[in-house]
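Participant: Encoded as structure tokens, here's the structure I'll be asking about.
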Amino acid sequence: MSRVLLIVLDSVGIGAAPDAADFGDAGADTLGHIAEACARGDGDRAGLRAGALRLPHLAGLGLGLAAEAATGRMPPGLAPSGPVEGAWGHAVESARGKDTVSGHWEIAGVPVDFSWGNFPATRPAFPPALTRALIAEAGLPGILGDCHASGTAIIEELGAEHVRTGRPICYTSVDSVFQIAAHEEAFGLERLYALCAVARRLCDPYRIGRVIARPFTGDEASGFTRTANRRDYAVPPAGDTLLDRLAAAGRPVVSVGKIGDIFAHRATGREVKPGGNDACLTAALAALAGMAEGGLVFANLVEFDTEYGHRRDVPGYAAALERFDARVPEIRAALAPDDLCLVTADHGNDPTAPGTDHTREQVPVLAFGPGVPPTALGRLAFADIGRMAERHLSLAVAGGGRLA
Ligand SMILES: O=P(O)(O)O[C@H]1O[C@H](CO)[C@@H](O)[C@H]1O
Ligand SMILES: [Mn+2]
Ligand SMILES: [Mn+2]
């Protein structure tokens with residue numbers, strides 16, 4: 001038996017999904033547009049990076065071919081220079097959501113078959129009854145925000161007023177989220193977490209996927225900055241996931257980064273949550289090194305999404321992709337002869353698209369390891385990704401997503 005390393009590059013979409021227009025995302029293409037922007041010289045930033053997008057290792061695993069299969073266009077510079085090493089495909093989501101939770105649950109075999117609740121892009125965004133209940137139950141002097149917002153912009157706008165008044169900043173987006181930003185010292189981190197637990201319960205009747213604590217520090221003079229103490233309060237998956245089946249079979253699991261939060265800490269095994277893509281990848285490789293046969297390391301690299309996709313930062317996103325690419329040889333070296341590594345994504349977040357939200361896209365599926373033959377997998381379902389993992393780990397599994 002062998003191990004599986006499943007890495008989700010959060011938001012690294014490879015082209016519009018067939019139903020992208022229904023989401024206002026016709027033509028979205030996170031990877032393709034970044035590659036095209038870099039080829040034009042629009043991905044340059046002094047001191048960070050310059051020129052064409054260089055992802056030689058990912059291209060060699062079939063990333064460019066997967067993107068070409070998804071869109072009909074090879075992103076500039078992503079054609080493999082030799083034979084592909086592994087299997088590659090592109091996957092389409094069935095759930096009607098372009099959020100992290102829907103994407104990961106479907107990868108793990110539980111497509112969301114209901115509609116998440118969303119708050120409208122009005123002011124107020126939240127139902128007054130919900131706001132009233134939150135204020136009353138948590139003993140707040142009121143709330144600020146109550147609108148759709150970018151999390152970094154709204155703490156700049158309202159951070160000082162929050163510190164002055166003690167009113168937490170509540171905001172949302174097109175995703176099914178109720179986010180609460182509060183100052184770590186002035187409001188208190190534990191108090192923010194307790195407030196989010198109350199909000200979690202109050203949001204349940206509205207079918208809100210996540211309540212998110214967004215602590216920040218700083219002051220008006222020097223500016224406000226979010227800290228690494230973000231905490232997500234998700235609803236548990238609606239059915240048995242890959243993780244539940246592994247737990248039932250007594251298999252070891254290590255969850256890296258946001259995975260624990262996304263699955264509401266159910267069957268997520270040992271959780272490690274260092275900050276940043278590099279630290280998460282390092283932690284995932286360390287977990288794999290100590291992982292017994294038949295186990296899974298499930299990692300999410302969220303920085304692509306939070307730091308660059310939502311911030312519409314093309315050079316930043318390109319540099320993050322190049323940093324991950326540079327570590328692909330390290331990943332490959334960490335794989336034992338029977339191990340399988342799966343690299344995929346949960347949705348898109350095209351940094352060239354209007355607004356600051358996710359984009360409805362197809363995702364790459366790169367499956368590699370010493371024993372994986374070069375294979376074009378074609379068009380897959382998100383659930384095929386988890387199925388590949390389960391099949392590799394010799395769990396009984398029906399359906400598609402066969403590697404060879
Ligand atoms: O702008 P920030 O606070 O990063 O918010 C983003 O983070 C949320 C959760 O991923 C998304 O719904 C999006 O709104
Ligand atoms: Mn995501
Ligand atoms: Mn996001």
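Backbone N, Cα and C define each Cβ position, glycine as well.
Since the structure is predicted, the reported quantities are computational estimates derived from the model, not experimental observations.
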Participant: Given that TrEMBL annotates ASP305, HIS310 as binding Mn(2+) 2, state which candidate in HIS265, HIS358 belongs to that site as well.
Facilitator: HIS358
Participant: Tell me the Cβ contacts of HIS347 (Mn(2+) 1 binding site) under 8 Å, same chain only and six or more apart in sequence, or just say none.
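Facilitator: Expected: SER11, GLY13, GLU93, LYS98, ASP99, THR100, SER102, GLY103, HIS358, THR359, ARG360, GLU361, VAL363.
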Participant: Just to be sure I understand the contacts, which binding-site residues have a Cβ under 6 angstroms from any atom of ligand 2? Candidates are HIS310, ASP346, HIS358.
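Facilitator: Going through HIS310, ASP346, HIS358 in sequence order, those close to ligand 2 turn out to be ASP346.
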Participant: Filter the candidate list ASP10, HIS310, ASP346, HIS347, HIS358 of binding-site residues, keeping only entries whose CB is under 6 Å from an atom of ligand 1.
Facilitator: HIS310
Participant: Give the number of CB atoms, excluding that of HIS358 (Mn(2+) 2 binding site) itself, located within 10 Å of its CB.
Facilitator: 30
Participant: Helix, strand or coil for ASP305 (Mn(2+) 2 binding site)? Use DSSP.
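Facilitator: Going by the DSSP assignment, ASP305 (Mn(2+) 2 binding site) falls within a helical segment, counted as helix.
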Participant: Taking ASP10, ASP305, ASP346 as the binding-site residues to compare, which has the smallest set of other Cβ atoms within 10 Å?
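Facilitator: It is ASP10 that, of the binding-site residues ASP10, ASP305, ASP346, has the fewest other Cβ atoms within 10 Å.
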